[in-house]
Amino acid sequence: MKNPLGGCNSTVCPTSTSQVSSAETDEVSDNFMQVIDLIFNCCLTQICSLFAFCGTAVNIAVLSSYDLSRDSSAILLLAMSLADLIFCFTLPFRRCQCLVGAMMGPAQGMTVATLMTESLFVFNRLFYCISITLVGLIASERFVAVFWPFQAQCILSPRNITSATLIAYACNVMLISPGFYMFTHDWAFFERFNQSVAVLQMSDFYLHNYDTLNFLFTIVYNTGLLGTSMLGTLIFMPAIGIKIWAVNKRRQTLVQNKEFRFDTQLAKVLLIICLVSFTLHGPGIFFDTVAYFIPNFINQSEIYEVYQILVDFSGTLSALANFLVYMTMSGKYKHRYQKLMGEMSSRLGCWSVHHNGFIHCHSY
């Protein structure tokens, strides 16, 4: 049976490995695809999604304790952590066929995966793309802060950064919104299961606007918006790195006033975050653009299916890496994290004391 999901790209279209049918090609054997599905969809993606979800939840808790009325960088990092959190929460449901199939049977696994993909795929991919867009904003924000420190306090005011963040969210929602009407499902009887299974289908809306929507999702959205974000990151990263090196060499800190300064440590943290994101997401954006111009490659190639699995996995790695970078490189973040954990420990101690019938609460 021909793959009904052809003609899309990884920005808005799911891989057919989570569906009933897949194109029979010679590039990758069925056994290899099963191994890839087992390694990633059953294990690595699920595990990394869990750890990344926990890490981004901690990020949100810690960054929320910052003074957002003064710290513009924290606003961007908080917005990106929120996008990563939603992506990591919904991804395991999209990639649930292997686990559901193991517990309930392959037919039920395929049906559940189809319904989850129909309901969650575009929503999940929206926040993946928002995170990439915000990385470009972070790189731009740091570039301005590093090269124009005396004007940065005005240009990079929390109000301006909040507005830019909301615009980034709005642009992604606007460009991906037709994708919410792309999918439907049908029921097909399979003799090997001796029952009907839900099969993902493209909607009439998508089929009637096939060329227009593919151009929108691949050229305008993937290449235009996300590609521009990655290109800006690629240009700004070396410039920021050179500036940090020059400042450290002079052993000076650029200061505008007592309230604003060029924080080299913060610049290093954000530079590493941009580098990680560019490394994980940049090749995929380029690959999608090239694949758009190769006839039937997206429709029939299992190599493209493997690539889409890796795209999802890279999203979890990026979210997890952000948490690790904060913890290992940012003294301010680590101090806030330890303070937050201490407060939680004290509250748990209070609850334990009251639960056991004591009158007073211990403070640790």
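From the backbone N, Cα and C atoms, a Cβ is placed for every residue, glycine too.
The transmembrane segment annotation in TrEMBL covers 38-62 (among others).
Annotation source TrEMBL lists domain 'G-protein coupled receptors family 1 profile' at 55-326.
Sequence annotations record features per position, and here TrEMBL assigns transmembrane segment to 74-93 (among others). Within its own chain, the transmembrane segment (74-93) is flanked in space by residues 45-46, 49-50, 52-53, 56-57, 59-60, 63-64, 66-68, 116, 120, 123-124, 127-128, 130-131, 134-135, 137-138, 141, 158, 161-162, 165, 168-169, 312, 315-316, 318-319, 322, which lie at least six positions past its ends and keep a Cβ under 8 Å from the stretch.
Per TrEMBL, the feature transmembrane segment maps to 125-148 (among others). Listed as Cβ neighbours of the transmembrane segment (125-148) (distance under 8 Å, sequence separation of 6 or more from its ends, same chain) are residues 10-12, 72-73, 76-77, 79-80, 83-84, 86-87, 90, 155-156, 161, 164-165, 168-169, 171-173, 176, 179, 221, 225-226, 228-230, 232-233, 236-237, 239-240, 243-244, 262, 267, 270-271, 273-274, 277-278, 281, 285, 311-312, 315, 318-319.
Annotation comment: TrEMBL describes 160-183 (among others) as transmembrane segment.
Beyond the ends of the transmembrane segment (215-248), by six or more residues, the same chain brings 8-9, 11-13, 129, 132-133, 135-137, 139-140, 142-143, 146-147, 171-172, 175-176, 178-179, 254, 262, 264, 267-268, 271, 274-275, 277-278, 281-282, 285-286, 288-289, 292 to within a C-beta distance below 8 angstroms of the stretch. Under the heading transmembrane segment, TrEMBL lists 215-248 (among others).
The transmembrane segment annotation in TrEMBL covers 269-294 (among others).
Beyond the ends of the transmembrane segment (306-329), by six or more residues, the same chain brings 10, 14-15, 17, 28, 33, 36-37, 40-41, 44-45, 48-49, 51-53, 55-56, 58-59, 62, 80-81, 84-85, 87-88, 91, 94-95, 128, 131, 265, 268-269, 272-273, 276-277, 280-281, 284, 287, 337 to within a C-beta distance below 8 angstroms of the stretch. Taken from TrEMBL, the feature transmembrane segment covers 306-329 (among others).
Below 8 angstroms of C-beta separation, residues 9-11, 73, 131-132, 135, 138-139, 141-142, 214, 218-219, 222-223, 226-227, 230, 233-234, 236-237, 240-241, 244, 304, 307, 310-311, 314-315, 317-318, 321-322, 325-326, 329-330, 333 of the same chain, each at least six residues beyond the ends of the transmembrane segment (269-294), sit close to that stretch. Per-residue confidence over the domain 'G-protein coupled receptors family 1 profile' (55-326) averages 87 (mean pLDDT, predicted model).
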